[in-house]
Amino acid sequence: MSLSPRYRVVGHLVCESYNNLFLCEDFNQSNQVVVVKEIDLVQALKQPQTPMCHSREDPHQVKAIANFLQQSGGHPNVVRCFDNFIRCDKLYLVMERCADGDLYGYVDGLPDRRVQVPEAMAIFRQIASGLAFLHDNRIAHRDLSLENILRHGSTYRITDFGLATRSLATSPTPRNVSQRLQHSRKVASSPNHISTLRLHRLHGYCHDTHWLRVLGVCVATPLPALVLMTLVDCMPLRSARDGPCANGVFWIRFVVATASILLCLLHQFDFFASDVALSLGTVVMVSMAIAVIGASFLFGLSLLLGSPVSFSFTVIGIPVVPAFLVFLHVIRRPTELSSLEDIETEKVTRVLYLTEAHLLTEFVEVTIPIMFSIYMVAMSCLPNRLYYPRLASMAPEDLVHSVTNVLLNAIFELASFFATSAILQRKLGFSTLHLLAFALETERVIVQASLVL
């Protein structure tokens with residue numbers, strides 16, 4: 001059997017759903033024995049990304065990394081790639097043969113399955129050297145295990161890049177440690193799982209954090225967003241009939257409100273986009289600049305068409321969206337992968353990810369009605385209530401009735417939150433309030449941005 005005119009199969013090593021591993025002779029290299037991995041592209045692309053798996057194998061990434069390893073000449077601690085080609089809807093990767101098996105088989109065959117410390121340090125040094133080479137070239141392996149470390153004499157080599165990703169970044173690695181960890185989490189962690197680093201931090205948080213601090217974090221988290229919204233409406237406005245030039249406070253208020261919204265949007269964009277790293281100063285500067293552009297455009301329309309301009313927040317999208325795209329193109333800079341993590345505790349991290357997401361949802365369902373009630377009461381006492389039709393015509397009795405209904409809903413949501421927390425705590429065996437407070441503290445920026453929006 002021949003895979004191509006150059007490679008003849010002499011043995012079949014592995015057979016999986018859409019992967020095969022062959023032992024072949026390379027006619028172009030004096031019948032050198034090589035290992036050829038066959039990936040059925042049609043079947044690989046059909047593989048679903050189920051909730052309980054890391055990710056599916058991406059043939060595009062696999063071929064790109066194979067091309068890099070082939071062109072770069074590789075590294076002593078990374079399996080060499082001699083060739084790759086596509087034939088009949090199948091991708092073939094030609095790699096060197098490591099005849100001594102993998103690290104798992106080696107350790108499993110030792111007495112007591114233990115490696116002596118000097119040897120373990122030597123093995124670890126080689127693996128770290130191979131990983132450093134990959135990370136320096138912006139490759140995240142994402143599936144490092146004993147089975148994926150091959151032995152070739154006394155040399156250990158990293159193999160199997162099925163789940164690997166490679167960034168196209170060219171800029172230096174971020175110097176700030178928090179930016180490194182944040183970018184690592186966004187790019188290198190598996191989807192719908194919390195990272196192992198976060199799992200260790202959660203363990204320490206649950207053991208070291210007093211319940212009073214946990215309670216304080218849960219109570220204080222909504223306050224910054226509530227204070228910001230209330231302060232914006234504390235600026236006294238004048239009637240729109242006086243014209244745009246006579247209502248300077250309105251334009252200041254408009255710029256502050258728009259900049260706050262853009263600030264929150266940019267923070268979320270920075271958090272979820274893997275190839276964007278924005279400093280706080282950059283985010284503030286861009287938000288203010290775009291807000292001023294939007295306010296200037298709206299001011300010009302007010303002079304031209306009269307004040308107020310209907311659907312103002314929709315209208316300012318005309319200059320704001322192009323300005324946002326231009327600024328994004330200017331400030332966008334790719335970043336390298338760093339501090340990559342090996343995620344092996346799949347089920348635990350998956351359960352904790354879902355639990356954290358559910359607790360945050362329940363928390364928002366409790367806090368939003370309370371924030372809305374406080375905001376309504378505060379607005380009813382401010383002069384700007386005249387410019388809100390619903391509040392302007394609302395009697396005090398109607399306000400009390402509306403707030404009471406909203407707070408009643410909040411009480412039911414709070415009961416649901418405590419019931420859910422009790423059930424989860426019983427099932428998981430640790431404090432779910434600590435998990436919630438941990439999420440609110442460690443992701444305070446994205447939480448505040450979401451509450452404001």
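Cβ coordinates come from backbone N, Cα and C, glycine included.
The structure displayed is predicted, hence computed values, not measured ones.
What TrEMBL says about this protein:
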type	residues	note
DOMAIN	7-354	domain 'Protein kinase'
TRANSMEM	211-229	transmembrane segment
TRANSMEM	249-266	transmembrane segment
TRANSMEM	278-305	transmembrane segment
TRANSMEM	311-331	transmembrane segment
TRANSMEM	351-379	transmembrane segment
TRANSMEM	399-424	transmembrane segment
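Packing against the transmembrane segment (211-229) from elsewhere in the chain are residues 260, 363, 367, 370-371, 374-375, 431, 433-434, 436-437, 440-441, 444, 447-448, 451-452: each is 6 or more residues past its ends and has a CB under 8 Å from a CB in it. Same-chain neighbours of the transmembrane segment (399-424): 355, 358-359, 362-363, 365-366, 369-370, 372-373, 376-377, 380, 391, 432-433, 436, counting only residues six or more beyond its ends whose CB sits under 8 Å from a CB of the stretch.
For the domain 'Protein kinase' (7-354), the predicted model reports an average pLDDT of 75. Counting only same-chain residues 6+ beyond the ends of the transmembrane segment (351-379), those with a CB under 8 A from a CB of the stretch are 192-194, 199, 202, 218, 221-222, 225-226, 229-230, 233, 385, 388, 391, 399, 402-403, 406-407, 409-410, 413-414, 416-417, 420-421, 424, 428, 432, 435-436, 439-440, 447, 450-451.
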